[in-house]
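**Q** Dropping a structure here in structure tokens format, bear with me for questions.
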Amino acid sequence: MGCLTIETWLLFITNVFGLSLYFLYFCLYHLERYFMKEIKLETKIRIYPLAELPEEESRLMEAAIKATGQSYAPYSKFHVGAAALLEDGTIVTGSNQENAAYPSGLCAERVALFHAGHQYPDMPVVALAIAAATNGRQVESISPCGACRQVLLEAEQRYGKPMKVLLCGTKEVVVAESAESLLPLCFGAKDLK
């Protein structure tokens, strides 16, 4: 047997290097899967025909729809109204207020919740209804934006009670039993301690 040629050595080194890379990839891939935790998050919502809503929630929904009429939305023409039901039965409304400097506007949900927090600081908000209209017609249910979800969650945590969220449509209402269900893996006051 003669000595190995350079080509043979290069082929050998290339194969060993390739197998080493494959082995490293295989190990890292399977180690990641071995140590990785998987969490399954579920959100339960209910959808009710308008006729099946309890009286108090129907009143709240009507207040949210009416609040769309006080919206200031000259740019988007998308009018949103929100109505917060307090524990004592008081309803506080708000509507979106746009501004030419877009980030300076405020969503209806936050207007209603901030108004309720200012006027009734010790009274828990137990439900919030949200409705929207464009071109003079109510639209199907809309969901709160991320910033509003964070504010809803903070209000819920502030009073230590779940806040039911009603998303008003033309034929049905989508109901979440708590604001937290709309914002899984949330950031809150507990994270600042």
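In case you wondered, yes, glycine gets a Cβ from its N, Cα and C as well.
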**Q** Of C107, C168, which one shares the Zn(2+) site with C145, C148 in TrEMBL?
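**A** When TrEMBL describes the Zn(2+) site, the candidate it includes is C107.
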**Q** Which has the fewest other CB atoms in a 10 Å radius around its CB: A101, C107, C145, C148, the listed binding-site residues?
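**A** A101, out of the binding-site residues A101, C107, C145, C148, has the fewest neighbouring Cβ atoms within 10 Å.
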**Q** Who sits close to A100 (substrate binding site): which same-chain residues at least 6 apart have their Cβ under 8 Å from its Cβ?
**A** Y75
**Q** Would you find the one among the binding-site residues Q97, N99 whose Cβ has the most company, meaning other Cβ atoms within 10 Å?
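**A** That would be Q97, with the most Cβ atoms nearby.
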**Q** What average pLDDT does the predicted model assign to the domain 'CMP/dCMP-type deaminase' (55-185)?
**A** 95
**Q** Going by C-alpha distance, which of the recorded positions C107, E109, C148 is nearest to N96 (substrate binding site)?
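**A** Checking each of C107, E109, C148 against N96 (substrate binding site), the shortest Cα distance is to C107.
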